[in-house]
Structures are given as C-alpha cells and as structure tokens.
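Chemist: Feature list, courtesy of TrEMBL:
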type     : residues : note
REGION   : 1-126    : region 'Disordered'
COMPBIAS : 21-31    : compositional bias 'Basic and acidic residues'
COMPBIAS : 32-55    : compositional bias 'Polar residues'
COMPBIAS : 79-90    : compositional bias 'Low complexity'
COMPBIAS : 93-111   : compositional bias 'Basic and acidic residues'
REGION   : 170-232  : region 'Disordered'
COMPBIAS : 170-187  : compositional bias 'Basic and acidic residues'
COMPBIAS : 200-232  : compositional bias 'Basic and acidic residues'
DOMAIN   : 273-548  : domain 'MYST-type HAT'
ACT_SITE : 449      : active site, proton donor/acceptor
REGION   : 532-552  : region 'Disordered'
COMPBIAS : 533-545  : compositional bias 'Polar residues'
C-alpha cells in the first residue's frame, strides 16, 4: 500500500505520520466528527445567546453595548482613576475572565456571559456604608439585602430579625385599620362627625402622651452619651424615652415607609446609591445634609458634596474654589427690588426673566429639600420673593416663594421653601403671610399651588387655623359668612372650609351648613399668643413698598 503524502498541518501534534493509512483515516474521521459536534454545540450556544439578547430588556442591551468600548468620562477623556469609571463598564479583572478553553475552542469570546456575571456580582459587591454592617436585612423587613443607610438595620440600632417582626406588626395594624375604615365608610356621609372608634383612639393617644416620662434619668443620659461617643454619626442616636411610645412608633413607621420608597426608586433605576447624589452642601457658615435629588450637572452631582455661595448661589466643586470666589464676589444680597424691610428681615422681588441664572440656581438649591418640585430651568414666567436676614456680612438667604406672573387659577404661591437652618423659627409662617399680603394688595383671593410638600402642608394648615381663630376672636357679630372671611383674609373659601372641618367648627343642620364658634379653641389660641409675646416673626403691612407688576 503506497505511503500517504504528508500535508502541512495534517497532524495535530506535529509528529511523523503513521505508516498505517487506515489508522490515519480513522483518526482523521474521528477528528472531523469531533469538530462537527463542537461546531454544532457552538451553533446551538450562539443561537441561545442571540435569543436571550433579543429577549433582554433595552437597558441591558444598552449596557452591553457600552461594555464593548472603553469607559469614557463626560468630557470624552479616558478615566484617570477608578472613580471616573462608569458603573456599567466591566473592569480589567472581568476582561481577563475568558478561560483558556474558550480560546482553544476557537469560539468568539462573547461579552454577554461576562456582562451577566458582572451585573450579578455588582449587586453583591455593593456594600452598606455603615461600619461593621454586612448589608444583610432591610429596615422594612421585606428585603434580604440593603445598600444604603436609609435601609440599614444596624444604623437604626436594630437587627434584621427585629425589622421583620416589626414589619409583620405593621401589616396587622394596617389590616385592622383598613377593616375598621371599611365598616365606618359603609354608612358614612360627606361631613360626618368623628366616629366613636376615632374618639376612643384619640383619647387613647392623648393618654399615652400624658404618661410619658418628663425627662431622662441619669443612667439613661450616660447610656446615650456613651453610645454617641462610641459610634458618633455612624449610628442613629438612641430614641427610647425621648418621646412617648406612640410618637416613637409613628416615627419608626415613617422611616420604614421612606426606606421602602427609596428601595423602589433604586430598583427602578431612578436613583443610584453612592453616585450622582449630593449628600451635603456647604452654604455660608452651615453644612447642610440634603433630603432629595436635585438635577445639578453630572460633573457636580457625582462629587457628593457641593460648595455654594450664599449670596449669588453659584455652585462649585471645592472649598478652595469657593474661597477664591468669595474673595471676588460683589453680591451681598439677592438681585431685584427690595419690597419689604423691617428690622433685619428683608424681602426681594426677583424677576425670573431678568435674573435667569440666579433663579435657576435658586430652584436647583430648593430641589435638594423639596420632593414635589419640578421647575428648574423654565423660570421666566415666575416672580421670586426671597426673604433674607441681614447682618454685618450681608443678607443671608432665609427662604423664598415663587408665583406666576399671570395665574389663571389665582395661585399666590407656586413653590415655597424655608432653608433647613431657619426651620421651626416662624419664618415659614412669615413667608405664607407675606404671600397673602400681596394678594390683599392685588385685591384677589389666593391659594397655594398643589401638590404641597409634607412640611408645606403642615405650615399652611397651621397658618389657616391661626387666621380663622384670630378672625373668630375679633368677630363681634352674630352671623359669620365664609365669603366675608375670604375677602378679609384673602384665603380661598375651599381652604377655609377644609380648615373649619378639621377644627370641627362646620356642622350640617337642617339642610344648612353652620359655622360654630368654639370658644375652647379660641381661648387656647389666645393663651399661646399671650405666652409667645411680641416677637419680630410677624409681617408688618406698613413696611411693604410694592405695587402689583403690570404685564410680564
């Protein structure tokens, strides 16, 4: 049998060919069958990968496409540090994860399996910033892991099991409450008085609040101080015995609800823990913790800390830049016209069309502390009334409210904010009172634009209550008209009716709505007014120098 001529590359190991051509043909056929089986497996695998890529959601596809190119910074330059790398880009260790078998098999090292491994490992590589926390459990008791302080049981001085128990208790209480409300609403009317169940619950709450201790004991104070010295700001302060058990439970429920809302936003991809979220701002002599996300430019938002000039509201990246800016900044008060001054309190009217940059910066700053605010850049149709407190260094921002130049619904406030360092000092009520003073000068009836923030709703309800009780105290007639109250106070009749209902001063009797003059509430309000004394946290109409603007 003639010897078969050797061809280049016919032998896989590079040795001499065998004299037995039959064995060689068997070997060649076995190799071809193996290669065919490998090709078949590779075809099926690639088919499965293509089908899975087609079924994948669009955001995963976009992330996959981004993975195929080197990560870039917003400026288009290559990242200079790990912090500059986008979270959707795989790092070098994942690029090296292609096994030798994949290379030897001749298959294309597809990026899709690597991306899948990366995203799976990304969720587990995220870690809670609380020292000593293993990221297990969640404050709501509904999730197995957490990645932020808001959902950390350890930060709130709880364990994961305690959070689960509290979650079960909250669900039971919610079920009982919903069942009770369904029974009550079955025969309820629109303006029905409080039910016996509601009255008993109110009395129970008042009794629980009366029973709470007047203060902390010496041992409790030492325990709290030791906890503060040991953990500092990395743990929540101990809250037991500071207030009543009822109020503390309400606070815990609010914390759990907020943590659940943040977790939903994180899962939806609307917020990302640890990136593009400004945690603190340096504003004047104050360092303020932010409450909500604000759409500052990405290059500033990703820093986590922002430095803002308290006079011109320009935002900067570092304290050095801020220090240099303050040495050159000539602003000592907001732009626009000063329309009110009494003592150290001034109010400036700023036109969004004339001072666009200042108003945009003011809106971005306000969004850090407001949840429902949506106006950031379209400021031209609005007027901004900025309240300041003056000292020898300048006029410091206290708060502001904005209103439309031409409001078809007679809204006298579109957005209102009191800076956190001035909250609970009466400034919010001054801003509200000033907005109604402008409505009186315009001879209009005003109302705030909805929806109101939580703190805004509390402030407005308190203001409406005070206005109505003051009107009742000074009223000497026999019949009260809601229309007359509205004309004298510039408060919308709808707001007056809702306040009267909350005070149980509006009753339906013999086909008519009657306004009851509850002397107990009036006396209680008068006692608080007398105790408060004559403070400077009131608006004096005689100090207003303002005429309604004409046109836009």
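Using N, Cα and C of the backbone, Cβ positions are placed for all residues, glycine too.
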Chemist: Below 8 angstroms Cβ to Cβ, which residues of this chain, lying six or more residues outside the compositional bias 'Polar residues' (533-545), approach it?
Modeler: 339-343, 345, 425-427, 429-430, 433-434, 437, 440-441
Chemist: Report, as numbers and ranges, which residues of the same chain sit near the compositional bias 'Basic and acidic residues' (200-232): CB under 8 Å and 6 or more residues beyond its ends.
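Modeler: Answer is 194, 238, 241-247.
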Chemist: With DSSP, how much of the compositional bias 'Polar residues' (533-545) is helix, how much strand and how much coil, in residues?
Modeler: 3 helix, 1 strand, 9 coil
Chemist: Residue 449 (active site, proton donor/acceptor) has how many other Cβ neighbours within 10 Å of its own Cβ?
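Modeler: Here the count is 17.
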Chemist: Could you give me the DSSP helix, strand and coil counts for the compositional bias 'Basic and acidic residues' (200-232)?
Modeler: 27 helix, 0 strand, 6 coil
